[in-house]
Every structure is written in structure tokens, then in C-alpha cells.
């Protein structure tokens with residue numbers, strides 16, 4: 001055992017030494033600029049030339065200079081201030097020491113030659129001043145010679161440099177190698193990522209599959225003894241954001257193998273043959289560092305199905321890359337510890353040869369998480385965040401069906417941003433609710449001014465959706481209803497979807513009814529319709545088409561699938577023109593029938609719809625519980641009063657006060673109920689019986705409107721008068737009877753209004 005450990009340690013040290021040398025060479029090639037040596041050589045030549053030609057100018061550049069007039073210059077010469085005068089270009093220059101500093105006096109000549117200026121010549125002769133004539137600026141003949149030969153020198157140096165790089169390019173690639181296109185740009189992860197399998201939640205099935213891959217790399221003997229062969233490739237499938245790349249990072253973090261990461265788009269370049277060369281280079285590096293894992297993200301970039309036909313030549317380069325990948329994966333030996341891990345969300349476009357057994361033996365589907373998976377993901381992403389006590393991640397998971405891991409991480413991040421906007425580091429439940437609405441529907445526009453007519457229309461529209469959601473069997477319950485504009489929507493009704501593996505026919509028809517609820521409510525309540533139902537009608541038509549064309553639930557056409565083929569190269573229609581016409585007629589029939597059923601349901605429950613509209617206009621946002629309370633018979637005014645009492649109690653800041661207030665409200669309601677029961681048992685008035693009957697007719701108890709006859713009301717009125725004669729000696733009974741009469745009159749009026757609305761309503765022309 002000890003010898004075996006020593007051999008493993010020695011082998012591991014040898015691998016580390018090779019990796020270190022390879023890394024150092026790559027760093028040297030990356031840090032060294034391709035033109036660094038040549039540019040340094042040119043820089044030295046230019047610096048020497050500049051110093052040689054302009055050393056006098058450099059010396060005089062830092063001296064103090066004073067330009068004086070020609071007359072003053074002659075005067076100073078006559079006075080003997082100048083001991084030496086230099087003639088250069090068109091200037092006369094003289095250097096004088098003043099107060100310990102060298103001062104340079106100069107003036108322009110008035111003639112081309114200083115010998116033609118008698119004043120200067122006379123002054124120089126009197127004071128015996130030395131006169132010098134300097135070379136013109138610019139270097140003269142040497143600079144002219146250098147200007148002719150310097151370009152040739154530069155060209156020769158560049159050719160020598162490129163020749164050396166060509167020799168080096170045939171031996172290896174890198175940033176400085178002009179022939180390094182064939183080298184793969186793989187990123188070898190030497191430092192293990194911090195991501196572990198415990199950091200990946202909601203995809204337990206996929207984790208178990210990948211744990212076996214990691215275990216094989218750690219304990220290969222356990223599998224080889226049983227005659228098992230390691231999967232040569234593992235393909236991660238799933239919609240975007242489900243955690244495929246995160247699972248690959250977890251594999252890299254858990255396994256002790258070398259991990260190579262590359263994207264599918266990095267194989268193909270502008271030169272022919274580069275992709276295949278990079279595939280070969282990638283697998284060579286992986287074999288040198290085995291046991292190893294190659295992770296190819298977005299493999300559909302190179303693994304797309306090979307085309308056939310005359311126009312297939314445009315994809316030759318990509319197909320060569322794919323062919324080389326197929327050869328490399330099929331060329332593994334059984335004892336080679338190299339596993340290919342790939343991820344894609346487009347399995348349908350992959351080439352069948354890539355998916356066959358022996359290449360990608362195992363396919364791991366990473367689905368969207370269920371309820372428990374979403375709860376686990378939320379817990380993982382909330383580890384580094386402070387959550388308030390009122391936060392319930394289970395409730396957030398319930399209202400986010402279909403959210404994947406990336407969506408849930410973004411949700412918590414948006415909630416944290418909203419908390420920071422409040423200058424707080426604690427996330428509240430309100431922040432999470434706002435984040436859900438923001439991600440699902442867009443940014444809220446609470447400050448937007450809406451006209452009263454539009455606000456009323458929005459209230460009817462959303463109330464229609466809510467009522468139909470609660471009263472339609474098979475529909476999901478309501479979670480929230482709002483008329484606050486958000487994104488492109490003026491308002492929305494958020495359902496609380498249940499986890500479903502399959503969808504029944506009744507559920508699909510229920511979805512159509514719910515979608516039509518908004519338009520039907522507008523048509524009945526406002527006797528007009530708006531463009532707000534555009535998306536609802538579009539979605540309802542899509543559901544109806546799937547009902548007939550895809551899942552074969554139409555009774556007329558039967559269980560037949562009429563969808564077009566997914567093959568992009570198939571142009572043969574799969575149904576006749578007559579069948580297309582029958583499909584369109586069946587879709588229209590379904591939509592018309594469900595719209596008619598929606599109109600009937602809203603007419604029969606119009607009082608409940610009006611109560612929801614009233615509550616929406618006053619609160620703008622209501623919960624699903626409040627909608628269900630209205631359907632159960634509670635009034636909008638009672639709900640508003642209860643909300644106001646609760647808000648006042650919360651503002652006092654005492655939990656005890658809140659509890660006492662709620663208890664007192666409950667006790668008062670219980671007392672009223674007891675008193676009503678005693679009153680009912682003692683008096684048994686026919687008037688109260690009439691009130692109960694009217695409440696049942698108007699739908700306050702959740703029942704459906706039943707047709708009523710005028711004689712029933714006359715009979716109840718006679719019984720009411722008789723009851724008044726029997727109880728005329730009791731003041732309390734008279735008062736209660738009076739209240740009952742008022743209530744009956746109001747209920748009677750509402751019932752008459754409802755019947756009048758039903759009698760006056762006209763069906764749309766397309767339904768007549």
C-alpha cells in the first residue's frame with residue numbers, strides 16, 4: 001500500500017511539473033509582445049540619431065532665452081556685453097552670464113549673410129568679438145543619408161523578426177504565434193471552483209447521475225472489477241437557466257481530476273481546418289492530464305445536424321469540426337480516464353451520430369424545479385441575505401411555478417436591491433412580492449395618472465378574470481388582482497398555479513373561459529370592449545388551436561395530430577385544404593361556445609363582480625382571499641372596514657393591541673351572530689325569511705341566479721304585513737322588522753336591476 005501511495009505521489013508530482021512548465025511557457029508567450037524586441041531595436045536607433053543630431057539644441061533648450069531687437073543687439077555688441085556671437089540659420093545668438101545664470105540673447109538677421117551687415121561687423125571689429133558660423137538645424141548630410149537607408153533597415157529587421165516567429169510557430173501556439181490558430185483556447189481550471197453539489201439545489205436526479213461520474217474518477221477500480229465501462233460522454237439537457245453549467249462547476253469542484261472548459265463557439269474560426277485542429281489539440285491536452293474532464297458548453301454550436309443536398313457546402317468547416325469531435329470521442333480506450341461533459345438546450349438540432357451510444361452514453365435532463373426544489377433553491381441563494389421574520393420562502397415558491405434556478409436567484413437579487421433602495425439590509429416579504437411582479441410583468445408605474453374611465457374599465461376587466469377564475473371548475477385559484485399599471489399591462493390577475501404533470505380537457509377549456517372573463521366583463525358592465533383583451537384573445541386562440549390541432553381533444557375531428565412537421569427540410573403538407581377549413585371552424589366553435597358560457601356565468605354572478613370592482617377601485621390591489629370572501633357573500637364595504645381597523649392597529653406598533661383589536665372584532669361578530677340566531681329562533685318573522693330568500697336569489701351566498709316569479713314576492717309581502725300586525729305591541733320587534741323591510745327593498749331593487757340588465761343585454765353579432 002505504501003509503494004502504491006509513493007507511485008501515485010510521484011506520478012502526481014510529475015503531472016504538476018509538466019503543468020507548471022506548460023503554464024510558464026504560456027505565460028511567457030502571453031506576456032511577451034510580438035514586436036517587443038524589434039521595437040526596442042528601432043527605439044535605440046532613433047534615440048541615438050536624435051541625440052547625435054540635436055545635442056546642441058537639447059543643451060540650449062533648457063537655457064533662459066531673450067529675444068531682442070536688432071538695434072539693441074548691435075548696441076550691446078558695441079558696449080562689449082557680448083564676447084562671442086554665433087550665426088545660425090537666420091539668427092544671431094550670444095550667450096551672457098547674468099546673476100550667475102546663462103542667458104541666451106538672439107535676434108533675427110536683416111540680411112542673408114552677416115558680412116553684409118556693417119553695423120555688426122564694425123562693432124565686432126572694435127570690441128574684438130569672436131564670430132562663429134554654426135551648421136543649420138536638421139543634421140545636414142548625415143540626416144539625409146539616414147533618411148535614405150532607415151526604411152531599408154526597418155524592412156530588413158521586420159523580415160528577420162517574422163522569419164524567427166515562423167520557425168517558433170511550427171513548434172507551438174500562443175498569443176505571439178501567428179500560426180497558433182490551430183491551438184485550442186481551452187481554459188484549464190487548476191484551482192478547484194468553490195461550487196459543490198451541496199450548492200446545487202432543485203435538481204436531485206441530475207446530481208445523482210453526476211455523482212457516479214465523479215465517483216468513477218476517484219475510484220475507477222470499483223467499476224472496472226465489475227466489468228463496467230465509464231460513460232464516455234454525459235450530455236446535460238434542459239431549458240436555459242436550469243443549472244447545467246453550475247452542475248459542471250460542481251463536478252469540477254468535487255472531482256480531483258483536471259477540468260478543461262471551453263465553449264462550442266470557440267472551435268470555429270475564419271480559417272479552414274482550424275476547428276478540427278483545435279479539437280485534436282484539446283483532446284491531446286486532456287489525455288496528457290488524465291484523469292480529466294472536458295466540459296463543452298453550448299455544444300450545439302458545433303454539434304448541429306449535418307445538412308444534405310446541394311447547398312451543404314457552406315457548412316463544410318463546421319462539419320469538419322464535428323467529424324473530428326466524433327472521431328476523438330470514438331477513439332478512446334476503455335482505460336482512458338477522460339470524460340466529455342457537454343451542455344445544450346437544443347437537443348433537437350444535434351446530430352444523431354453525436355448522440356449514439358459510445359459517444360454520449362448518458363443524457364441527464366435538468367428540468368425546471370418543482371415546489372420543493374424551488375424552496376431549496378431559494379434557501380441556497382438566501383444564505384448571504386438577511387430575511388425579515390415575515391418572509392416565507394414557501395409562499396414565494398408557490399407563486400413562482402416555472403421559475404428556474406437563474407430566475408429565482410434573480411428574484412432574490414431584485415428583492416435585495418429593493419431593500420437597499422429603502423436604505424435597509426433586511427429583505428421583507430413585500431420586497432419579494434414586488435420582485436415577483438417586476439420580473440413577471442415589468443416595472444410598476446404607481447405614479448402614473450389614469451383617467452377615471454380607464455380605471456373603471458381596468459377594474460371590470462381584471463374583476464372578470466378573477467370571478468371566472470374562482471367560479472370555473474379546473475381553473476387555478478386567484479393569488480392577487482391589481483389595476484396598477486406594470487410594464488405594458490394596465491393591470492393583471494395573478495393565479496396560483498398548481499403543479500401539474502398533465503393537463504385535462506376541462507382545464508384547457510377553463511383556461512379559455514378565464515381568458516375571456518376580462519372582455520366579457522367589459523361588454524356586460526360597460527357595453528363596450530377595449531384593446532386590453534388583445535393578449536387574452538391571442539392566448540385563448542392558441543389554447544383552442546392546441547386543443548384541436550395538437551392534443552386531439554376535439555370531438556368532431558377526433559384524436560389526430562395535425563401539427564406541421566418539425567423537420568426544417570420537409571415541405572410536404574400533412575393536411576388538406578378541407579381539413580384546414582374544418583380545423584378553423586372547430587376552433588371558432590370552441591371559442592364562441594366558451595365566450596357564451598363566460599357571459600352567462602358573469603351575468604348570473606353580477607353582484608359579486610360589482611363588489612370586486614368596487615373593492616378594486618378603492619384599494620387598487622386585492623388578494624385572492626378577499627375575492628373569495630366576496631364570492632362567499634361578504635360585501636366590499638365590510639372588507640374595507642376590516643382592513644382599516646387592521647391598519648390602525650398596526651400603526652400603534654403593539655402586537656398586543658393588534659391581537660386585542662382582532663379578538664374584539666371577532667367577539668362582536670360572534671355576538672351579532674348569536675343575537676341574530678336568537679332573534680331568528682324567537683321571532684321567526686316571514687320578513688327575515690324573505691330577506692334570506694332575496695339574498696339567495698341575488699347570489700350573495702354564492703348560489704346561481706334562479707328565475708323568480710312576481711307572485712312569490714306578492715305572497716312574501718302579504719306574510720310580511722301579517723307579521724307586522726302580530727308584533728305591533730313590541731317596539732324592538734317593530735324596529736327589527738323595519739330594518740328587514742329596508743334590506744328587502746334594497747335587495748329587491750338590486751334583483752330587479754340584475755334582471756333588467758339581463759333582459760336588456762344583447763349578444764354580440766357573431767354569436768346571434
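Glycine is no exception: its Cβ is also placed from the backbone N, Cα and C atoms.
The record from Swiss-Prot ties 461, 465 to Zn(2+), and of the options 367, 370, 390, 536 it ties 536 to that site too.
In sequence order, 462, 464, 493, 515, 516, 517, 518, 519, 521, 532, 533 are the residues of the same chain, not among 461, 465, 536, whose CB sits within 8 A of the CB centroid for the Zn(2+) site.
The number of other Cβ atoms within 10 Å of the Cβ belonging to residue 245 (ATP binding site), over all protein chains shown, comes to 17. On a Cα basis, residue 465 (Zn(2+) binding site) lies 31 Å away from residue 242 (ATP binding site). Each of 343, 345, 366, 404, 405, 406 belongs to the same chain as 238, 239, 240, 241, 242, 243, 244, 245, is absent from that list, and has a C-beta within 8 angstroms of the C-beta centroid marking the ATP site. Put simply, 536 is the one of the binding-site residues 461, 465, 536 whose Cα lies nearest to the Cα of residue 238 (ATP binding site). Looking at 462, 536, the recorded positions in this record, the fewest other C-beta atoms within 10 angstroms of the C-beta turn up around 536. Of all the binding-site residues listed (239, 244, 461, 465), 239 has the fewest other CB atoms within 10 A of its CB.
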